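Participant: So that we are looking at the same thing, I have put the structure below in structure tokens.
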Amino acid sequence: MLPAADVVELSRLQFGLTAMFHFLFVPLTLGLSWILVICESMYVMTGQQVYKDMTRFWGKLFGINFAMGVTTGITLEFQFGTNWAYYSHYVGDIFGVPLAIEGLMAFFLESTFVGLFFFGWDRLSKGQHLFVTFLVALGSNLSALWILIANGWMQNPVGAVFNPETMRMELASLGEVFFNPVAQVKFVHTVAAGYVAASMFVLGVSAWYLLKARDTGFALRSFAIAAGFGLASTLSVAVLGDESGYTAGEVQKVKMAAIEAEWETQPAPAAFNLFAIPDQENERNHYEVKIPYVLGLIATRSLDKEVTGIKDLKVEHEVRIRSGMQAYDALSKMKAGDKSEAVKAQFAKHEKDLGFGLLLKKYTPNVIDATEAQIKAAANDTIPQVAPLYWSFRVMVGLGMWFLFIFAASFYFLARRNLAPQRWLLKLAVWSIPLPWIAIECGWFVAEYGRQPWTISGILPTRLSASALDAGQLHFSLIGLLGIYSLLFAVEMYLMLKYIRLGPSSLHTGRYFREAQAQQA
Amino acid sequence: MMIDYETLKLVWWALIAVLLIGFALTGGFDLGAAALLPFVGKTDEERRVAINAIGPTWEGNQTWLITAGGAIFAAWPLVYAAAFSVFYIAFMLLLFALFLRPVGFDYRSKVTDPRWRTTWDWGLFVGGLVPAILCGVAIGNLFVGLSFRFDDTMRVSYGAGFFSLLNPFSLFCGVVSLAMLLLHGATFLHLRTDADVQRRARTAVIAFGLVTALLFALGGIWVRQLAGLHIAEIGDVNGVVTPLSKSVQVGEGGWLANFSLWPLAWLAPVAGLAGALLAALSGYLRWQWPAFLASGLAITGIILTAGLALFPFVLPSSLDINSSLTVWDSVSSRKTLAIMLGVVIVFLPIISIYTTWVYRVMRGTVTVDRIRKETHTSY
């Protein structure tokens, strides 16, 4: 028996909220850890105390953020089991592997050395401590690698086969899972976005000190590191944007069409849709503004490959749903003990479409008796809501261009040694601090909402993946999670702002703004 | 090198045991020490002594739990799916308690207001106490049996709800687990602190060493009253077997049958009992390291006793005993087990080496004087 529809929706809501909340903290950890490595390398190379103070001050803010990352990360590791039991059974043989490796290879490294980063200053040589900081950065970034390999596999499930005996997907090739093109571009794109977020954070906070004319030497050095690191990272996010991953895998094609609101297949090279108001019901756009050739270039990196439109994808999916019914039919016969060659051949022929057959489960438990109307409805289900994807994507890209401008301008005026008079730029940098988070959440929304109706693209529908809990249990966990997360978020923001206001004087070295002021008074 | 599927299944039972015991031995004293916080620390500075004794290394210790979770997902996907969802509400409570730890350690001393600090001290206390109890309640429920079953597509469905988990035997196991981790936390504080904190920790070592030994022995008597399961019929365990293809019976000799089958298995309960008593004795004699090591022995012995008693079962079901999960039929494919074994063989020694190094760097007694001197950099 399938879990109730409202339980599935609540489980989705819970997973979406907890994942997006977790990802408020991850980008800063990913990027700030490297900024700490840069600051501390400067300290080791030049021996100047200010670089040590920078490492320690930004490290304090890193710690406040890191604690929230760990707190919210635990939920995600266990939520597959609690809320997505069928998913865990169906793909655990593959999906569990990167998660377990993440623990052993990355998370252990990061969490063992993070304590030493904070408490090892007087117990380690300069070089040893720098190495510890490096290991924390390496650990957190490797962690992202394995998580994105797991996530990339959900988008483009390569290297796996279905085993009718155990009723689950099983690992065929770890190499294929690891070198999954979707996972690789996702990893580079995601960590680089984290570097942008951290750079904007350091840039904005330093700009605020510069505007207040306090701790100028400290702030200017931090600003310079952030501008350089941020510029390089923004360029990598743009150049290595994960559009190139949209050609592999069924769901990726649907997403590509949805974020472009591409209802009809365009002849190559496709035009890029700069502005449109997508109309899901009538499958068309209002008020379109198009730039010729650009989409084809981005999506296929060529001038002669087509970008398939939504209407054609839907037709393809209907064919696959009918084939999936055959696969389901053969599977049921095999389960009932039919060992004939004909049934095996039928299953082998339609096996790759079994997941599309499972889309019918929500309409009819037997799948094979689906009516034409139900098949049409299931084909319709394969297309997510276009408008939210279309707009989230544009918000993300638009913000990316804005970051490029801020970092480039910061870099330019730093190089001209003419930053201080550019108060407009410093103010923009302060106000831009929250923007990378908006861009990042939009990016995740596109990736995960755009994956619907699947948890595993083309393999396992969301409707089947959830645990058969009752709604009361979900209400309990949702209320608990929302309550605790909100409270902790308020506490975290309070501490962040408190320590940002204190600035490097929170280190109690006696060298900084508020301390000097206190001594004078 | 080719290892047959049956051996791999057994090796993975051992590896999961290693990861869980690894968590109990390291994360266990963090939980215990946090749960002892109101007892060992009467002033802010004393509580900071206790917190800073575990603070720099607790994060890595908790990773044993996270990694055990990931390893269960990869090696026993059915266990991961069924156990975490059948314990849903209990699991959420565990998560809520664990939430308080990372922020508790990092945020507590960042503000000097005593109300702020007291609030976080209670948070850390709850974050230590609740997981210590819930882990035991979960183990207890394995002996009682959980309310789940599989259908022929391997979808799991549930019978009784949260309150059925709070049966007398499982609650009793929660108390055993709490006593055991309080003992472990106390031996660690006894080792790493001085003055009043150490004196109070010593009292706790003696008390909880004796309590743990007594409760564990009582548990041995109680478990004889419970009906154990045994496999009546199962396919070739060296091949693919699915949970529903076997048949399970309520067995003669309850959950203690394995101990008559393999006399060597008695070493586990003996270690559990002797370890706890030795820890109490060492505490009495002010032997710091022996007390800590003996309590580690007790934990290893107690967890292994539970594991061996249940073997080959991992997750017994009371709703449909044939749906019970065992080491033979809850596992991943042979390929996944083999790959993951390789990963563990490479990384577990590396983890052990760098963890040891970090503990060496952070060695030394945490004192009130040190907290005063390093007031801005300590937790």
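Yeah, the Cβs are placed from backbone N, Cα and C, and that goes for glycine too.
Quick paste of what TrEMBL says about this protein:
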- A:20-45: transmembrane segment (TRANSMEM)
- A:57-76: transmembrane segment (TRANSMEM)
- A:96-118: transmembrane segment (TRANSMEM)
- A:130-149: transmembrane segment (TRANSMEM)
- A:187-211: transmembrane segment (TRANSMEM)
- A:218-240: transmembrane segment (TRANSMEM)
- A:391-413: transmembrane segment (TRANSMEM)
- A:425-447: transmembrane segment (TRANSMEM)
- A:474-497: transmembrane segment (TRANSMEM)
Participant: At least three Cβ pairs under 8 Å linking the transmembrane segment (A:391-413) and the transmembrane segment (A:20-45), pairs spaced 6 or more in sequence?
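Facilitator: Taking Cβ pairs at least 6 residues apart, the transmembrane segment (A:20-45) and the transmembrane segment (A:391-413) are not in contact, as fewer than 3 fall under 8 Å.
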Participant: Report yes or no: does the transmembrane segment (A:474-497) come within contact of the transmembrane segment (A:218-240), defined as 3 or more CB pairs under 8 Å with a sequence separation of 6 or more?
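Facilitator: Contact between the transmembrane segment (A:218-240) and the transmembrane segment (A:474-497): absent, because fewer than 3 Cβ pairs are under 8 Å.
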Participant: Looking at the transmembrane segment (A:218-240) and the transmembrane segment (A:130-149), are there 3+ C-beta pairs under 8 A, with each pair at least 6 apart in sequence?
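Facilitator: They do not touch: fewer than three Cβ pairs between the two stretches lie under 8 Å.
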Participant: Counting only residues 6+ away from its ends, which parts of the chain sit with a Cβ under 8 Å from the transmembrane segment (A:20-45)?
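Facilitator: Sequence-distant neighbours of the transmembrane segment (A:20-45): 51-52, 54-55, 58-59, 61-62, 65-66, 68-69, 72-73, 75-76, 117, 126-127, 129-130, 133-134, 136-137, 140-141, 144, 191, 193-199, 201-202, 221-222, 225-226, 229, 233, 436-437, 440-441, 444-445, 485, 489.
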Participant: State the residues, same chain only, that lie 6 or more residues beyond the ends of the transmembrane segment (A:130-149) and have a CB under 8 A from a CB inside it; answer 'none' if no residue qualifies.
Facilitator: 26, 29-30, 33-34, 36-37, 40-41, 43-44, 55, 98-99, 101-102, 105-111, 113-114, 116-117, 120, 124, 177-178, 180, 183, 186-187, 190-191, 194
